[in-house]
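Features of the protein shown, as given by TrEMBL:
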| type | residues | note |
| --- | --- | --- |
| DOMAIN | 21-361 | domain 'Adenosine deaminase' |
| BINDING | His26, His28, His215, Asp307 | Zn(2+) binding site |
| BINDING | His28, Asp30, Gly188 | substrate binding site |
| ACT_SITE | Glu218 | active site, proton donor |
| SITE | His239 | site 'Important for catalytic activity' |
Amino acid sequence: MTSQPGPTAPLPDADQIRRAPKVLLHDHLDGGLRPGTVVDLARACGYEGLPEYDGDKLGTWFREAADSGSLERYLETFAHTCAVMQTSDALRRVASECAQDLAEDGVVYAEVRYAPEQHLDGGLSLEEVVRAVNAGFREGERLAREKGRRIRVGALLTAMRHAARALEIAELANAHRDSGVVGFDIAGAEAGYPPTRHLDAFEYLKRENNHFTIHAGEAFGLPSIWQALQWCGADRLGHGVRIIDDIDVAEDGSVTLGRLAAYVRDKRIPLELCPSSNLQTGAAPSYAEHPIGLLRRLHFRATVNTDNRLMSGTSMSREFGALVETFGYGLDDMQWFTVNAMKSAFIPFDERLAMINDVIKPGYAELKSEWLFSQTAVTS
Ligand SMILES: O=c1[nH]cnc2c1ncn2[C@@H]1O[C@H](CO)[C@@H](O)[C@H]1O
Ligand SMILES: [Zn+2]
C-alpha cells in the first residue's frame, strides 16, 4: 500500500490529549477547587452554607447550579468557594492543589486568576492574600516536579467590575510583578458594568508598562469588546467570543469581517475562549455551534481555556477532547492553539519562545510520531 505524503497521524486519543503539553491563560482559582477540598475547608472554618457535604454530590451540585444559562446565576455559585478561601492556609492549599491538578492534566504553563478583594472576610490583608496564593503555587509546582511533571504558574489579579477597588488591585498587581503576579484582569457580571468604569486602573497599568486582560464579549457583545480594546487598551480578551457578531458568513460560505473583528484579527488580539463555560452561561448553544470553529478557520489568535474547572466539571484535556470530537481537530490543531496561548502569555518574550521551542513543539513532535511505532502502523 502506498501512502500520500502529508500528515497521517490519527486523531489524538484521550491519553495523548492528556500528555500533550497545554497552556492555560484563563482559569479562576476560586472556580477550580476540588469538590472534596471545598468540603474539608468548610468543615475546618465552620461554614455551614454548603448545599452538600459529600464531595461527589457537591461536584454535581456545582455543575448543575452553574448550568443556568445566565452569567449572573452562574456567578452565584462562587459565594461558596470564596466562603471557604478566607485564611492563608486555605488559600495556599487551594493554589497548591490547582498547580498540581493542572500539571497532572499536562498543562505546562498556566495563568490563574482570582480577586484578592474577595478573600478579606477572615481578616487577611490584600498583601497576605497574594503571598498565600503565591506560596501555594510554588508548593504545587514543587510537588508536581517531584512526581516528574513540569508546570509554571503565574497569577493574574482580578478586580470585580461591580466594585470600586480596581486601581488598588492594579497597584497590588504591579507591586508583585516580580514575585509571581504576571498581570491584571476584571471579571464579574458584564451587563451594566462596562470596563470603562475602571479606566484609572488600566491607565495606571499602561503607564507602568504592565499587562492586563479584560473579561469582555461573553454575556454582552461588541460594545464591551470595543471598549475593552479601544478605551481600556486590553492586551487580551477574556472570552471575546461575541466577536462573532461582527463576522458575516454568507450562504455561499464567503466571510466578511466588520471593522472591529478585522482589528482583532489584524492586531492578533488573543481570545481566551472557554467553550464549556459558554455553554453553561448561554453564550454559545453547543460545541458544534461554538464560534471557536470559525475563529480557528479564520486564523484569529484563538486559545482554549477552562474558565472554571469546578463549575464546568472540566479540565484542559476535557476541553480539547470535546473539540477533537466536534471539529475533528488533530495534534496539529492542538499545537496551534497551544502555541497561540504561549505567544499570548504575560511572561517575558524569551521565556515564551523557549517554552514554544523547547517544551511545546518537541512535546507535540513526540506525540505526532507515535503512530509510526504503534501496532496498527506495522500490521496495516
Ligand atoms: O466567566 C466568567 N465571567 C465573568 N466573571 C467570572 C467568570 N468566571 C468567574 N468569574 C468571576 O471572577 C471572580 C474571580 O475569580 C469569581 O469570583 C467570579 O465572580
Ligand atoms: Zn472567566
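Just so you know, glycine gets a Cβ as well, placed from its N, Cα and C.
Averaged over the domain 'Adenosine deaminase' (21-361), the predicted model has a pLDDT of 97. Listed in sequence order, the recorded positions from His26, His28, His239 having a Cα within 10 Å of the Cα of the residue listed as 'active site, proton donor' are His239. Separating the Cα atoms of Gly188 (substrate binding site) and His28 (Zn(2+) binding site) is a whole-number distance of 12 Å.
Residues distinguished by a CB atom under 6 angstroms from ligand 2 are absent from the recorded positions Asp30, Gly188, Glu218, His239. Recorded residues His26 (Zn(2+) binding site) and His239 (site 'Important for catalytic activity') have their alpha carbons 9 Å apart, per Cα-Cα distance. Cα-Cα distance from Asp307 (Zn(2+) binding site) to Asp30 (substrate binding site): 10 Å (rounded to the nearest whole number).
In this structure the alpha carbons, written CA, of His215 (Zn(2+) binding site) and Asp30 (substrate binding site) are 16 Å apart.
You'll find the Cα of Asp30 (substrate binding site) roughly 18 Å from the Cα of His239 (site 'Important for catalytic activity'). Separating the Cα atoms of His28 (Zn(2+) binding site) and His239 (site 'Important for catalytic activity') is a whole-number distance of 13 Å. For Gly188 (substrate binding site), other Cβ atoms within 10 Å of its Cβ number 18.
Residues within less than 8 Å, Cβ to Cβ, of His239 (site 'Important for catalytic activity') and separated from it by at least 6 positions along the same chain comprise His26, His215, Ala216, Gly217, Glu218, Leu271, Glu272, Leu273, Cys274, Ser277, Asn278, Ala283.
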